[in-house]
Amino acid sequence: MPDSNFAERSEEQVSGAKVIAQALKTQDVEYIFGIVGIPVTEIAIAAQQLGIKYIGMRNEQAACYAASAIGYLTSRPGVCLVVSGPGLIHALGGMANANMNCWPLLVIGGSSERNQETMGAFQEFPQVEACRLYTKFSARPSSIEAIPFVIEKAVRSSIYGRPGACYVDIPADFVNLQVNVNSIKYMERCMSPPISMAETSAVCTAASVIRNAKQPLLIIGKGAAYAHAEESIKKLVEQYKLPFLPTPMGKGVVPDNHPYCVGAARSRALQFADVIVLFGARLNWILHFGLPPRYQPDVKFIQVDICAEELGNNVKPAVTLLGNIHAVTKQLLEELDKTPWQYPPESKWWKTLREKMKSNEAASKELASKKSLPMNYYTVFYHVQEQLPRDCFVVSEGANTMDIGRTVLQNYLPRHRLDAGTFGTMGVGLGFAIAAAVVAKDRSPGQWIICVEGDSAFGFSGMEVETICRYNLPIILLVVNNNGIYQGFDTDTWKEMLKFQDATAVVPPMCLLPNSHYEQVMTAFGGKGYFVQTPEELQKSLRQSLADTTKPSLINIMIEPQATRKAQDFHWLTRSNM
């Protein structure tokens, strides 16, 4: 009898699709986002049969953005499943975005059959080669038996070192090809990345530099959020009374309403700090490269980062601390604890920062309190902030919508803000919101995702509203509508303009159709839609949306087409003639 059972087992067959699904399951993949078709449909079905959640999107780009956000939120890669050729090409933007943001992502793409290569096969394209520019690892398994090995390596590569995107190419003939089940050897779940620590001597030097600082500043980046360093960084801030500034996605590592947060005096803090400690924040365009006039010429930078190649970029640091940000921060705490010390909370530096914060907050409050209609950005965000649940996710994209919203909308929890990020990518918002929503439903039921979109940004992925309604996700979309990119025109000006020439000759490139009813996209799919023009309408619609947990909502918020942000001490990027 045992011999008979063995013979029976050895003849059992398994398809390539099921091998792929089981390999993903073994690596703790929880979510797949994608658009099915030839040749990947069977992979999605096999994954669902194993308990992996599949979220069907309306565009591969949005699917890839969503999968990458899963990597940031869970520290294990989300999977983006795409068809061959154009489907894979549509996902390249999401792969590049994940790499730029240092988020783990695994893209699985179908490809043409091996025996048709170079013959002009259906959607034939050099996919492995194309993806190498946008990934840490790009490969095609040599056989079905090699699939578990390649998938494990891709998952491991995506989370080890600096996280990033990886690609696995699956030939169409692999998907339904049957092999002996005993020929498949599944790899064990790859371990979480090893925790590395900084050199002891460098930690001692860093502690000394911090103690001797006259005007210190901590900058908390999204790398600190990804490293789950909130506990150690908050302790460092509170124990030593140090002012801190979060980068956009570093918001919430220490709550924005913390008394030592100097976000409202950002420019002043950067310009006059003499010692700056960077926790997972890169000296790229977001932090103005660390160069004058945004910084003092002799400012001392202490860089804390997981990636050695990042250390010393653009500016020579005083100290570099290479390692896991949470572990390195604990090392700093231990070293600082050896000699009792505290930065004086009544110092001249603290006084300067508090005065500037008070001045900037007053200017923003004055703009928010304006009663004139249409509303401006500050009025909108002031009323939104009043009702935001403290535990909600805030997803944001747009130009002024994102930049102004970042200064008004508060984050109190780490990894609860997602935006255009390092790559400044427009179109990420709805994909990110969908990813946050599926994670919230599984891990923190009852949490809302508030997705704040400029009207132009909404257009990139607006059809994902159907995805939101299909899965009935806890998302409230706020479309801040100024009829354009940066600025637009009102209806009367628009009509007057069209009297003279064809729209292609007279409509400015940044203008969109005025008073577009984006809320009707949501109602078309069964969600709730609101068109609001006054603070009272905004308050009421947001209150109703938050109270109704059975449906997603879209609130279309009309603002002054020429509205802009308050005057800045420095131009954000480059000067513009607009």
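Positions of Cβ are set from backbone N, Cα and C atoms, glycine also.
Listed in sequence order, Gly34, Ile35, Cys80, Val82, Gly87, Leu88, His90, Ala91, Gly94 are the same-chain residues six or more apart from Glu60 (thiamine diphosphate binding site) with CB atoms under 8 A from its CB. The thiamine diphosphate binding site annotation in Swiss-Prot covers Glu60 and rests on similarity to another entry.
Look at Swiss-Prot and you will find Asp455, Asn482 tagged as Mg(2+) binding site. Non-local contacts of Asn482 (Mg(2+) binding site) by the CB criterion (under 8 A, 6+ apart in sequence, same chain) comprise Asn400, Gly454, Asp455, Gly488, Ile559, Glu560, Pro561, Gln562, Ala563.
Taken from Swiss-Prot, the feature phosphoserine covers Ser4, and the record attributes it to a large-scale study or a structure entry.
Spatially close to Lys351 (N6-succinyllysine) yet at least six residues away along the chain is no residue at all, judged by Cβ distances under 8 angstroms. The N6-succinyllysine feature in Swiss-Prot is assigned to Lys351 (among others); the stated evidence is similarity to another entry.
Of all Cβ atoms in the shown protein chains, 12 besides its own fall within 10 Å of the Cβ of Lys358 (N6-succinyllysine). Marked as N6-succinyllysine by Swiss-Prot: Lys358 (among others).
Neighbour density for Lys365 (N6-succinyllysine): within 10 A of its CB lie 12 other CB atoms from the protein chains shown. What Swiss-Prot lists as N6-succinyllysine is Lys365 (among others), and the listing cites similarity to another entry.
Taken from Swiss-Prot, the feature region 'Thiamine pyrophosphate binding' covers 401-486, and the record attributes it to similarity to another entry.
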Open item on the list: Can you give me the Cα-Cα distance between Lys358 (N6-succinyllysine) and Lys365 (N6-succinyllysine) in Å, rounded to a whole number?
Closed with: 10
TODO: Determine how many residues of the region 'Thiamine pyrophosphate binding' (401-486) DSSP places in helix, in strand and in coil.
DONE: 37 helix, 16 strand, 33 coil
- [ ] Quick one: give me the count of other CB atoms within 10 A of the CB of Asp455 (Mg(2+) binding site).
- [x] 25
- [ ] Determine the mean pLDDT over the region 'Thiamine pyrophosphate binding' (401-486), rounding to the nearest whole number.
- [x] 98
